[in-house]
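Q: In case it's useful when we look at the structure, here is the feature table from TrEMBL:
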BINDING   D271, D382, E383  Mg(2+) binding site
COMPBIAS  671-689  compositional bias 'Polar residues'
DOMAIN    45-133  domain 'BRCT'
DOMAIN    267-466  domain 'UmuC'
REGION    150-190  region 'Disordered'
REGION    668-702  region 'Disordered'
Amino acid sequence: MAGRGNSHRGDNGWSEWGGYMAAKKRKLEEQFDKDSSNNAKQLERKSNIFQGISIFVDGHTEPPADELKKLMMEHGGVYHAYYSKDKITYFISNNLPYAKIRKLKPNDKVVNSKWITDCIKENKLLSTHNYEMYKDVTRSRGQTELNFKRAEPMKPITSDFNVPNSDDEDDHSSPSETEEAPTEDDDHLSVLDAKHPKFLETFLKRSRLHYLSSTAVAKKVYVQELRQKPEHRQLIEKRREELKNTIQRTERDYLFKIHDEKKEKIYMHIDMDCFFVSVATRHQPELRDQPIVITHSKGRKAATTNEHQFYSRSELASCNYAARQYGIKNGMYLGRAQELCRNHQAKLLCLPYDYEGFHEVSDRFYETILSYTLEVEAVSCDELYVDLTDLLIYLKPLHPLTFVSLLREEIQINTKCPCSAGMGSNMLLARLATRHAKPNGQYYVEKGYEQEFIAKQKLIDLPGIGSSILDKLQQTFPQTTVDTCKQIQNLCSLEQLKNILGKKQGQTMYDMTHGIDTRILTKDYLPKSISIDINYGIRFQTFDELTVFIKQLVLELHKRLKQARQKGKQLSVKIRVRAPDAPIEPEKFMGCGRTDDSSRLVNLHSYTDDPINIELETIKLLKQMNFIVADLRGIGISMTQFQSALKNTSGKDMNGHRTLFDCNQFRLPKPSSTTVGNQTDTGEPSESFVTRKRPMQQEPTTTAVPQKVSRLDCYTPGQIDPHVMNELPEPIRQEVEQYLKNPSSVSRQNSESDRIEVIEKSFTQVMDHLDEAVLNELPPEMRREITMAQKLRKMESKYPPIGGKRLVPISVPLNPVAQEKSNAFNVLMNSPQKQPTTTTTTKKTSIPVKRWRTETILNEEPITTTTSNVRTEPKPQSFHHQPSIAGFTLLSDVKLMLREWIESSDEPNQIDFDLFQNYLIDLLNSYNAEMVHQLVSYGLLQLKPLTSKIQWMKHFQNLIEAVQTRFRQMYGGVTMDLS
Ligand code: DCP
């Protein structure tokens, strides 16, 4: 089968490597030798106990690999960064993934890292005998494979090839939404990658997270469409009528008063119990008394082999309540669950996923509820909120608990699965009540008892409250254990909470801990984005292979758009590319490893779900992103800005949703904002702007740039400070003076670029020759700006950036918003005494803003998509490439947007951050380090005084790290000065 035993695929040393890797290994060995001898000079060689020993470290060890490397250096051994069969004496690993264990040969010795530390402690080479791992396995492997044969699963998930499952022992971290790893069920380790034509289909079929997200969307759409169907309303009326006439009311019902006129709300939150387990056992309810989990693993390893050696990291999608008695929880690793059961002498039953059953039960669950009311908010396949108010008024006299017990009974009959429900006067109380009801129960927070109820709730049970928030609270009150809502009520005022957690989160925490929730049901489905991300098995050698996969991805995205009844107008592509210093194959089999992520987006001309259109645009975006195809590890395509085919509750068309950056796009920049003579200054046109101006049918472009107005056209002689003029080097001064006296003599014949050159040269030389005294006269911010530019220039000459480019400043016209005094170049080029005598319009466009561009030193190679697996440095963007964000290219616009973005919320959105980070990296790649410096400094300046922006600061620090990494790569290891 294609892809199996793929010889190009590296696997972190577990297979043979060819030229590039061999060279790389040699380089690393030489590096190690060099380091060792340097080290020997610096640090005294402590011993020679590891003389003749070569190690290769795999996976997480204690101490970590870097430390082991150092220890080997200090004690005469050799550390190999890559596996080489004939050079390695021992693998050092404390916990190899099962996939790799299976690949061990009988002679391979895997030794626990403790052996190294113990040898050093004892100062002698100890026998590895007591430290060897998996020796039983390798021995039995020599004779028989029987240990690894698995019994047939209860319900095998059929597939014609091996594709990884969503949770498994290979997974060293919490499984992410898209990373899936092989399991012990894979008969061969040649797990296919994304080159296989059926990879995506099978991957999605076996992905529970895909199931969960697609079902949630399907349910929301289903409910919304049902609201538009008159026949369903008739069905509801009929069902209500029947119920009203057949209910056997008790005293409790007659006593319950519901105030029609006050319209006091009664919400219900209803959720199936341990959904996946309940479905998997719906035809064998007798099993339910024993602990059961749903996982891809069959859980047999622990029974047949040494438990320490096979601690299964297969994730539990769901566990039943019998298992929960032993401390087992959803999301736990199977190994841990087995351990807990063993401690209680209980046997854990592992059952496979029953996707067909999940669909069937979920449909029946929804149908049962929706046959009584459409006042619902679909949450997921097994959970929804219901506003019971109208229904209870209709059925009165009826106690909510009576109705809910009847409903639950009906659900049990229809689905053969139990569910629980909570009720209260708002959605929060209803949801918390469900926790009390579980399993298979119901709980009503009656009117008047809300405060008593909420006070007892644990903070960790409040929706959306995670450990980071709890840590913040705990740190603020180190003397007390902050655990319940009551404690927060007693400890903090609203103001204090806002100070600790930020404005928005503080308010939410205050409301929740006081049982306040003003939300109403969200009935209209408005997705923020619809996307497909695959971060597993992405291994391509050529761009053609990638495009074949893109086609499949786009078809899946198209399916999702169709399912959600949405057409999108903004398309973005995100790629994860192996970080330069990351190994070719990460620890997690076929995973991503450490990557550099970047994304690009384009505004389409019209709302679309057309796969051909999306595919074309995706490929175009990919082609604009400089990356090595062989290093691609993850890819995502996402649509935003929707036009919905769904009608809202009032039967009207719905508008799409906008993200932060989208909002800005509609505000700025304005087309044809300023006119000078017969030329139009649109500023630097944005991608979105250009797109919006074009007729619907025309192709969107990311490169078109309308004609720019010349800066020099806008100058009058009086505009340039004589002081500054005097500072200019003679030839430049003469050229500028000549121009200013008679612009036509220079500019009319000269091309735009020639004229830019004049100003650029002058600015460059101003920078180089600027008198200290002049500099000192400038306001601090400008001084910093110029000093930074000077530093960058120095750095440029000292460390020519990779790619044969050097940094020179350029000037671009600024739109009106950019009339900032703070621009150093403006000050240098404009006399404070002599204001321009031109019209306001001219004045607005006349101020140049300093930017940087590169000049080619060497002949520039054409930018082509690299298909070799040899890493090359990213090629600089072409000269005219203007990175943009949300359509903005001008510093002042981006600054304005940055400020608004920061002010907009206390909790930044990761997608926005990714976009911003990618933009900064793009700027660096276009040799516009100066702008990056300005934006980062500006962002920090905005954030620093605000205590509520802790999350922002964290994100910003990560962003700075990424920027610095790129900066170092480009400028010979030098870090950008952000002091
Ligand atoms: N699920 C999953 N992975 C997640 C979240 C949920 O596989 N990260 C699946 C398994 C669950 C089902 O979705 O059975 C419903 O999720 P719940 O959170 O409702 O959990 P359960 O129904 O299993 O348990 P509970 O009775 O606590 O609701």
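Just so you know, glycine gets a Cβ as well, placed from its N, Cα and C.
Automatic, uncurated: that is what TrEMBL annotation is.
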Q: Mind telling me which of the binding-site residues D271, D382, E383 has the densest Cβ neighbourhood, counting other Cβ atoms within 10 Å?
A: D382
Q: Under DSSP, the domain 'BRCT' (45-133) has how many residues in helix, strand and coil?
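A: Going by DSSP assignments, the domain 'BRCT' (45-133) contains 26 helix, 14 strand, 49 coil.
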Q: What are the other residues, in sequence order, whose C-beta lies within 8 angstroms of the center of the C-beta atoms of D271, D382, E383 at the Mg(2+) site?
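A: Filtered neighbour residues, in order: I270, M272, F275, V379, S380, C381, L384, C419.
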Q: For D271 (Mg(2+) binding site), what is the secondary structure state per DSSP, taken as helix, strand or coil?
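A: For D271 (Mg(2+) binding site) - judged by DSSP and reduced to three states - the answer is strand.
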Q: Return the average pLDDT for the domain 'BRCT' (45-133) as a whole number.
A: 82
